[in-house]
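Going by Swiss-Prot, these are the annotated features:
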{"type": "TRANSMEM", "residues": "9-29", "note": "transmembrane segment"}
{"type": "TRANSMEM", "residues": "46-66", "note": "transmembrane segment"}
{"type": "TRANSMEM", "residues": "75-95", "note": "transmembrane segment"}
{"type": "TRANSMEM", "residues": "136-156", "note": "transmembrane segment"}
{"type": "TRANSMEM", "residues": "163-183", "note": "transmembrane segment"}
{"type": "TRANSMEM", "residues": "194-214", "note": "transmembrane segment"}
{"type": "TRANSMEM", "residues": "222-242", "note": "transmembrane segment"}
{"type": "TRANSMEM", "residues": "265-285", "note": "transmembrane segment"}
{"type": "TRANSMEM", "residues": "297-317", "note": "transmembrane segment"}
{"type": "TRANSMEM", "residues": "328-348", "note": "transmembrane segment"}
{"type": "TRANSMEM", "residues": "399-419", "note": "transmembrane segment"}
{"type": "TRANSMEM", "residues": "479-499", "note": "transmembrane segment"}
Amino acid sequence: MTPRQRLTVLATGLGIFMVFVDVNIVNVALPSIQKVFHTGEQGLQWAVAGYSLGMAAVLMSCALLGDRYGRRRSFVFGVTLFVVSSIVCVLPVSLAVFTVARVIQGLGAAFISVLSLALLSHSFPNPRMKARAISNWMAIGMVGAASAPALGGLMVDGLGWRSVFLVNVPLGAIVWLLTLVGVDESQDPEPTQLDWVGQLTLIPAVALIAYTIIEAPRFDRQSAGFVAALLLAAGVLLWLFVRHEHRAAFPLVDLKLFAEPLYRSVLIVYFVVMSCFFGTLMVITQHFQNVRDLSPLHAGLMMLPVPAGFGVASLLAGRAVNKWGPQLPVLTCLAAMFIGLAIFAISMDHAHPVALVGLTIFGAGAGGCATPLLHLGMTKVDDGRAGMAAGMLNLQRSLGGIFGVAFLGTIVAAWLGAALPNTMADEIPDPIARAIVVDVIVDSANPHAHAAFIGPGHRITAAQEDEIVLAADAVFVSGIKLALGGAAVLLTGAFVLGWTRFPRTPAS
């Protein structure tokens, strides 16, 4: 690599590091944020979900703006938006202001995510060098994602909850400076007109889909009509979008990309990998904090094998693609994710050292998958459509992360709701008291959350506490194992698709 190429990798890598860290780091600060804004669980969840929703809604628009007005200029704009909104997040004005700031932060994250990959692709036209560059970029970013719980726990314990947002200010300044000094500007050589109709149909469609996925765990049978209406509206908007894109002279998304079976397969497998990665991180963090009752810092430290494995595998994946082609690394790493989940599920309730080995293998599998998939996705398009291709890949990551958290979380919640009432029948004979405790535990995803209902004036006595916790812990462990099994099913489908679609030949 030339010195300028190294600066490009560093600048874009640190940018995506900020984005991935903020996906998860705020979870550690939620108890403190809850006290400041005096809000309940639903308000907190939307404060978190606003980031992902804002990011998912505008990814493709960011790609088009970057291709037209300059990818470096748009990247710098995204970094600036991200830093300014991070500052607003620490102002104790109201929960509404905090949530809006998180949405705007997601908008900035969308610019950073899409344009960092597009800038990287432009700076490395050679496929072999591009594979190495993407592997380094992905390693930096995903280490941020997986290390966020530990980093957040350390910062919240030592500096307070505002530090998880204020850290973006100096980091953003470094990214801003490195980009202006070391990254070349690039854009579509034949800039197109802005596809306003495409944006006005795609953005609300993606927002509705993301909203439905985020809210899915809270919907009940009475909400079926509302859910159907949301999905119908999203479907109509997508139909209008596709119809318009077929006719548009300058489309937001070139639908010819999807005519290539390989590109479609890359998007699907990448969606599955990101779903399983982010969904599993959420479930495992929940296990360490809520079931094992570890502190945020201790739980974060237990998660460190995931970024360690991810980072090492990401760095090696580029060389593996150049030597063996994309199929073997992807299939091997999908199998590693499956095996890592199996090891963790078997040992999670009694053998922590073995469970940590499973997390390391899982992280390595995810890191080794991401680089070949991004390499395949970016090499299938010409440089003029690099922003568009990067936007589609980042959209899969964003929606995949939302879907994975909702999918695995729904499995755990459904299992708890079905199994806890029968399991606690002996500990809490009174059906009314039992229903109250079950609702509290399921809503908070915490077997210890029933403590507020124990004591004078309540139907549950303090003597029942140990039995309730033991029973709830056992059901939680079973639910988490079931959720990990759901992730394994998704990985199996991705493995079959990769086996049949991905090329075996190395990059030339």
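The first residue you see is number 1, and the count goes up from there.
Note: Cβ is positioned from N, Cα and C throughout, glycine not excepted.
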Request  = Could you tell me whether the transmembrane segment (222-242) and the transmembrane segment (399-419) are in contact, taking contact to mean 3+ Cβ pairs under 8 Å with a sequence separation of 6 or more?
outcome  = no
Query = Taking contact to mean three or more C-beta pairs under 8 angstroms, with sequence separation of 6 or more, is the transmembrane segment (46-66) in contact with the transmembrane segment (222-242)?
reply = no
Note = Per the Cβ filter (under 8 Å) with a sequence gap of at least 6 from its ends, the transmembrane segment (297-317) is approached by 28, 131, 135-136, 138-139, 142-154, 157, 281, 284-285, 288-289, 329, 333, 352, 356-357, 359-372
Task = Quickly jot the same-chain residues contacting the transmembrane segment (222-242) by Cβ under 8 Å, restricted to those at least six beyond its ends, or write none.
result = 198, 201-202, 204-205, 208-209, 211-212, 216, 255
Task = Spell out yes or no: are there three or more C-beta pairs under 8 angstroms between the transmembrane segment (163-183) and the transmembrane segment (479-499), with each pair 6 or more apart in sequence?
result = no
Query = Can you name the far-off residues of the same chain, 6+ from the ends of the transmembrane segment (194-214), with a Cβ under 8 Å from a Cβ of it?
reply = 45, 49, 52-53, 56-61, 64-65, 68, 227, 230-231, 233-234, 237-238, 240-241, 244-245, 248, 250-253, 395, 398-399, 402-403, 406
Request  = Go through 9-29, 136-156, 479-499 and flag the stretch with the largest number of C-beta pairs under 8 Å relative to the transmembrane segment (265-285).
outcome  = 479-499
